[in-house]
Amino acid sequence: MIFSNITVPLLGLVDTAVIGHLDSPVYLGGVAVGATATSFLFMLLLFLRMSTTGLTAQAYGAKNPQALARALVQPLLLALGAGALIALLRTPIIDLALHIVGGSEAVLEQARRFLEIRWLSAPASLANLVLLGWLLGVQYARAPVILLVVGNILNIVLDVWLVMGLHMNVRGAALATVIAEYATLLIGLLMVRKILKLRGISGEMLKTSWRGNFRRLLALNRDIMLRSLLLQLCFGAITVLGARLGSDIIAVNAVLMTLLTFTAYALDGFAYAVEAHSGQAYGARDGSQLLDVWRAACRQSGIVALLFSVVYLLAGEHIIALLASLTQIQQLADRYLIWQVILPLVGVWCYLLDGMFIGATRAAEMRNSMAVAAAGFALTLLTLPWLGNHGLWLALTVFLALRGLSLAAIWRRHWRNGTWFAAT
């Protein structure tokens with residue numbers, strides 16, 4: 001899962017490298033704004049993957065095929081409905097998003113060109129979240145790897161061809177993603193069909209599984225959506241406030257955020273494993289399995305986080321030079337590179353704990369933890385008049401640290417009181 005997860009931010013790296021080598025920072029800024037708006041909207045609906053993984057893993061642990069079918073069909077219907085609405089209403093939503101972001105007209109025009117095409121993929125993008133979550137939940141490890149790797153490699157190839165070969169600029173980057181998302185959806189449906197047969201889930205089960213227990217799914221998704229909203233508000237603030245610091249700053253932060261995203265997705269490979277095994281252990285009420293997975297994930301992900309920090313410390317300037325050809329962007333990015341050394345060591349623990357809580361479908365506690373972290377983020381932003389762009393990265397560091405600390409405190413309390421496996 002680590003390798004397949006890395007292909008997701010690898011796409012962002014290629015986007016940044018391809019767009020970053022065009023003749024103006026306006027293109028990179030436009031893609032950064034467009035990607036942030038897309039991330040805010042789509043990741044707000046990340047509950048579709050998270051709740052699917054948790055409910056599927058619990059049904060898998062309890063050996064309940066009807067619950068497995070329900071964990072696929074109900075969120076898939078939600079995903080397709082929400083995706084269709086986004087695609088149909090994308091123009092007014094884009095107008096609102098760009099009005100909120102602000103910044104230079106040139107950057108916003110490039111962002112609009114990107115988003116008008118990119119959001120046509122909404123039904124496929126959201127359905128893919130559900131398919132990925134379900135495949136993770138049934139612990140069919142090879143299927144998510146194929147789904148992510150093939151989809152993202154196709155995206156990368158199309159990105160280079162459309163942007164550099166056909167000179168479509170930001171429109172090419174958006175179109176590459178749209179084509180890749182629908183291709184990934186087709187592959188994912190074929191994978192799910194195969195696994196349904198392996199797990200003994202019949203067509204009749206699927207036809208009736210949209211009924212029943214829908215209220216629990218909606219309540220779970222409500223709490224995860226509120227958590228995702230707080231998360232995206234904080235990350236969106238990096239782009240919005242960066243845009244107000246100038247075109248160069250927003251371009252620099254786009255490059256640095258790509259590095260952070262690459263690191264986070266790599267470390268999330270461990271979190272995905274924790275999600276699946278945590279959910280299975282929750283369904284089977286097996287505490288020893290849960291602790292074994294947790295300890296192994298802590299050891300391995302801690303080592304990987306340290307390796308990322310060392311790489312950014314020793315080779316960060318060279319990596320930035322590969323991603324952006326403009327000298328002023330390279331020099332400015334080097335000033336803020338220290339945060340890429342710090343963030344992996346701070347953030348790894350909240351990623352793992354997220355996996356633990358997602359598997360147990362403890363969405364309300366995840367929401368509360370995120371509220372604490374968001375409050376810390378907002379307070380740290382008060383340093384912006386003195387620290388400038390360093391203040392943005394300090395706020396992000398505080399945000400990740402508070403997420404990890406608050407979730408750890410909740411987890412420790414439950415484990416001491418023997419209430420972790422209580423009904424959620």
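From the backbone N, Cα and C atoms, a Cβ is placed for every residue, glycine too.
Within its own chain, the transmembrane segment (26-48) is flanked in space by residues 12, 15-16, 19-20, 75, 78-79, 82, 86, 93-94, 97-98, 101, 103-104, 106-115, 118-119, 122, 125-126, 129-130, 133, 169-170, 173-174, 220-221, 224-225, 227-229, 231-232, 235-236, 238-239, 243, 247, 250-251, 253-255, 257, 324, 329, 363, which lie at least six positions past its ends and keep a Cβ under 8 Å from the stretch. Feature annotation from TrEMBL assigns transmembrane segment to 26-48 (among others).
Among the features that TrEMBL reports, transmembrane segment is placed at 68-89 (among others).
TrEMBL lists 117-138 (among others) with the feature transmembrane segment. Under 8 Å from some Cβ of the transmembrane segment (117-138) lie the Cβ atoms of residues 34, 38, 41-42, 45-46, 48-57, 59-60, 68, 71-72, 75-76, 78-80, 82-84, 86-87, 90, 93-94, 144, 147-148, 151, 171, 174-175, 177-178, 181-182, 184-185, 188-189, 191-192, 195, 199, 272, 275-276, 279, all in the same chain and six or more residues away from its ends.
According to TrEMBL, the transmembrane segment annotation covers 145-164 (among others).
The transmembrane segment annotation in TrEMBL covers 170-192 (among others).
Counting residues 6+ beyond its ends, the transmembrane segment (224-243) has Cβ neighbours under 8 Å at 29, 32-33, 36, 39-40, 43-47, 50-51, 100-104, 107, 249-250, 252-254, 257, 363, 366-367, 369-371, 373-374, 377, 381, 384, 389, 392, 395-396, 399 in the same chain. Per TrEMBL, the feature transmembrane segment maps to 224-243 (among others).
Residues or ranges marked as transmembrane segment in TrEMBL: 249-267 (among others).
Residues 2, 13, 16-17, 20-21, 28, 251, 255, 258-259, 263, 266-267, 270, 330, 333-334, 337, 340-342, 344-345, 347-348 of the same chain lie 6 or more positions beyond the ends of the transmembrane segment (303-324) yet place their CB under 8 Å from a CB of it. Annotation comment: TrEMBL describes 303-324 (among others) as transmembrane segment.
Marked as transmembrane segment by TrEMBL: 336-358 (among others).
Residues 226-227, 230-231, 233-234, 237, 241, 394-396, 398-403, 406 of the same chain sit 6 or more residues outside the transmembrane segment (370-387) yet have a Cβ under 8 Å from a Cβ within it. Residues or ranges marked as transmembrane segment in TrEMBL: 370-387 (among others).
According to TrEMBL, the transmembrane segment annotation covers 393-411 (among others).
Counting same-chain residues at least six beyond the ends of the transmembrane segment (68-89), those with a Cβ under 8 angstroms from any Cβ of the stretch are 41, 45, 48, 51-52, 55-56, 59-60, 119-120, 122-127, 129-131, 133-134, 137-138, 192, 196, 199, 201, 205-206, 209-210, 212-214, 217, 221.
The listed stretches are 145-164, 249-267, 393-411; of these, 393-411 has the most Cβ pairs under 8 Å to the transmembrane segment (336-358).
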